[in-house]
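Take a look at the structure set out below.
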Ligand SMILES: Nc1ncnc2c1ncn2[C@@H]1O[C@H](COP(=O)(O)OP(=O)(O)O)[C@@H](O)[C@H]1O
Ligand SMILES: [Mg+2]
């Protein structure tokens, strides 16, 4: 592990040691190399952005982290240990939660039920107890329900608690999806383009929620974002990808002045 | 009340109760289809197999007796004991859970991400396998199933209705019992899926596999649970049907009645399966009562399908399905 020491940011948040480290990751789909020999780390408590043009391999990287994709080469170190190949649901139990580029909510379920489902890894009662709603199962429902309600308050979505999420407008769906991931109280939160397709006001709201999550709960966040302005505003460090390679890594200022990064972004329309 | 109306009411009541059974079988289909996208052709055979196993366990039959006797030249058939009904039901449930685990290990696990048609074909194979396996295990003779459910025409209803209307309704007490059991089953399943962690996980998997994985739900575990529940529902249907007409091959054919029920109710809607079952049950009895005599009877064989076809033309998404809007 890199022997990074903890430090305090300008706005007073503490950034700790490395919690996740990707070492020389290569991921191929047949002939397509989606990720080519990339290494980077994520430190406790930081907001780490991954940026790059469309098709650069950003989503693939998140999919590697949460186990949807298995890289052909490289090592993944999480919480100081090298991670054996695992299924996505096992990785969720290790404390990694995520949202998706194209919202993946349980559309037929209410906001509350979606967020309760996000509590899955924290609910331990066995099937028989649940079937009879007895003892621990009942207590567990009540306790987790309270936590879910807190998240609903935090995200200011009380008015849609009971609404089936499939009926919600896009921006609110994105917010519920964030809520479901937060409900897991993850050690590492992965957000794939949380602001894509939003208007300016919605983007500001979402930025504020992401900053608040990080600030209030100290949650470590890795996020993919297209909007350079937003990225520069909210992230502590940025990885820049292009055609599956890493072409930049550093603070927003360092990255902004990196010639490779400037070149990669020239002529690429920002949306 | 006029005579005809009284007859019709009796027919409707009987139809409702037949419909309960269709609804139960259709429910088994819907549960599995929603969670895994598999159209489980074997649902009817599961009901038959569950009923055979229940009778076998209850009457102390030696499983695979025929096979054992042929190979070893022995003459064993019965253990010589009787297992109480409730315990037999629990043991049979255990067998159905074991079956669910096997299905997941042997079939689903390997066929994940295959085309739906391949999974469908696999369940056809499964149906024929189970049918043969059931015969091998318990013999193919018609069996009497008796778990102590009330049976026979209810005299109370007969005499009360006679006093009220001057016409006594003939209603089988078994039908009443079946209806009560089915109602309890559906209510429990609904509560379970709404208010427990696993219930929510079942709905989550039915909605979006990737999202379900991302919150820590194991698809394979959920499939085992869903097939177990479907096995349980099949057992209940098997008990009702078996108590009514004996445990025999025709029991697996009620599954074919579930198909029009599903067309009516939609393949993914639990209320649809229930209401669809009741509509078909009542519809075919009423049709037989009103139109049957004019066309020479036996309309129950085809009425459900014709109704389903008409329905498909006007409402292909089923009773409760979301309207399908064509993108152009
Ligand atoms: N499941 C997949 N199968 C085949 N190719 C894929 C798959 N996922 C991603 N790719 C390819 O990997 C490359 C990177 O895609 P992606 O990670 O989605 O990029 P980004 O999120 O940066 O836009 C693209 O060429 C894409 O087509
Ligand atoms: Mg992407």
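Glycine is treated like the rest: Cβ placed from N, Cα and C.
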Next item on the list: Check each of the ranges B:12-33, B:144-165 against TrEMBL and return the one annotated as transmembrane segment.
Entry: B:12-33
Checklist line | Cβ-Cβ under 8 Å with the transmembrane segment (B:261-282): same-chain residues at least 6 beyond its ends | finding: 12, 15-27, 29-31, 33-34, 39, 186, 189-190, 206, 304, 307-309, 311-312, 317-321
Checklist line | Other parts of the chain folded back onto the transmembrane segment (B:12-33), taken as Cβ under 8 Å at six or more residues beyond its ends | finding: 39-40, 43-44, 46-47, 169, 171-172, 175-176, 178-179, 182, 185-186, 189, 226-227, 229-230, 233-234, 236-237, 240-241, 254-255, 257-258, 261-262, 265, 267-270, 272-286
Check: Which stretch from B:85-108, B:117-138, B:176-193, B:294-314 shares the most C-beta pairs under 8 Å with the transmembrane segment (B:222-241)?
Finding: B:85-108
Check: Are there residues at least 6 beyond the ends of the transmembrane segment (B:294-314) whose Cβ is under 8 Å from a Cβ of it, and what are they?
Finding: 257, 259-261, 263-264, 279-280, 283-285, 287-288
Item checked: Same-chain residue ranges lying at least 6 outside the transmembrane segment (B:85-108) that approach it to Cβ under 8 Å -> 36, 38, 46, 49-50, 53-54, 57-58, 119, 122, 126, 146-148, 220, 223-228, 230-232, 234-235, 239
